[in-house]
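Listed features, source Swiss-Prot:
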type	residues	note
DISULFID	CYS3-CYS29	disulfide bond
DISULFID	CYS8-CYS23	disulfide bond
DISULFID	CYS13-CYS30	disulfide bond
Amino acid sequence: LFCRKGTCHFGGCPAHLVKVGSCFGFRACCKWPWDV
């Protein structure tokens with residue numbers, strides 16, 4: 001459920017980030033490509 005070392009975004013991830021999971025089920029967990 002938690003997004004470790006990433007950021008939570010409503011909807012999709014910004015173009016420069018990679019989706020790696022979800023935050024609390026309804027938000028996207030995004031990380032920088034070099035942090036994935």
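Each residue, glycine too, has its Cβ placed from N, Cα and C.
The structure, with features from Swiss-Prot marked on it.
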residue	record	Cβ neighbours (10 Å)
CYS3	disulfide bond	18
CYS8	disulfide bond	16
CYS13	disulfide bond	17
CYS23	disulfide bond	17
CYS29	disulfide bond	22
CYS30	disulfide bond	22
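Under the three-state DSSP scheme, CYS13 (disulfide bond) falls in the coil class.
Using CA atoms as reference points, the disulfide-bonded residues CYS3, CYS23, CYS29 were checked against CYS13 (disulfide bond), and the closest is CYS29. The two recorded residues, CYS30 (disulfide bond) and CYS23 (disulfide bond), show a Cα separation of 9 Å. Across the fold, the C-alpha of CYS3 (disulfide bond) and the C-alpha of CYS23 (disulfide bond) stand 6 Å from each other.
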